[in-house]
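A.B. asks: One structure is given below, represented as structure tokens, and several questions about it will come after.
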Amino acid sequence: MAVKDVTDADFAAAVLRADLPVLVDFWAPWCGPCRLVAPLMDWAVGAYGDRLLVMKMEVDPNPVTRDQYRVQGIPSLLVFLGGEVIARHEGALSQKQLRTFLDAHL
């Protein structure tokens, strides 16, 4: 598995109707802290791949989903389960912090 890009057009099918929990990284290419978080998404695929889907959404071309989930700061990491947000983290974090965040919600 790999980190999958998701857009406004396929968000409902890819995230809200997923059988597994989904971690979505809301990011932008101009965001420095987002570049720090990006490799952690690849790490999460390897560490949690059998029980978590990992996706990323670029916020500027996808304003509908960004606004619907009130993403105001980036990077923002949201965990979805059964179509609902069950956890949220705004800002960069370390691998250890990401592991703690995910372990608390999976």
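Glycine is no exception: its Cβ is also placed from the backbone N, Cα and C atoms.
Dumping what TrEMBL says about this protein:
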type	residues	note
DOMAIN	1-106	domain 'Thioredoxin'
SITE	Asp25	site 'Deprotonates C-terminal active site Cys'
ACT_SITE	Cys31	active site, nucleophile
DISULFID	Cys31-Cys34	disulfide bond
SITE	Gly32	site 'Contributes to redox potential value'
SITE	Pro33	site 'Contributes to redox potential value'
ACT_SITE	Cys34	active site, nucleophile
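I'd like to know what surrounds each of these features in this structure.
C.D. replies: As a whole-number mean, the pLDDT of the domain 'Thioredoxin' (1-106) in this prediction is 97.
All protein chains shown were included, and the count of other CB atoms within 10 Å of the CB of Asp25 (site 'Deprotonates C-terminal active site Cys') stands at 22.
Counting every protein chain shown, the number of other Cβ atoms lying within 10 Å of the Cβ of Cys31 (active site, nucleophile) is 18.
DSSP assigns Cys31 (active site, nucleophile) to coil, not to a helix or a strand.
For Gly32 (site 'Contributes to redox potential value'), no same-chain residue lying six or more positions away in sequence has a CB closer than 8 A to its CB.
Every protein chain shown contributes to the tally, and the Cβ of Pro33 (site 'Contributes to redox potential value') ends up with 15 other Cβ atoms within 10 Å.
Annotation for Cys34 (disulfide bond): spatial neighbours Asp25, Trp27, Ala28, Ile74, Pro75, Ala92, criterion Cβ-Cβ under 8 Å with sequence separation of six or more.
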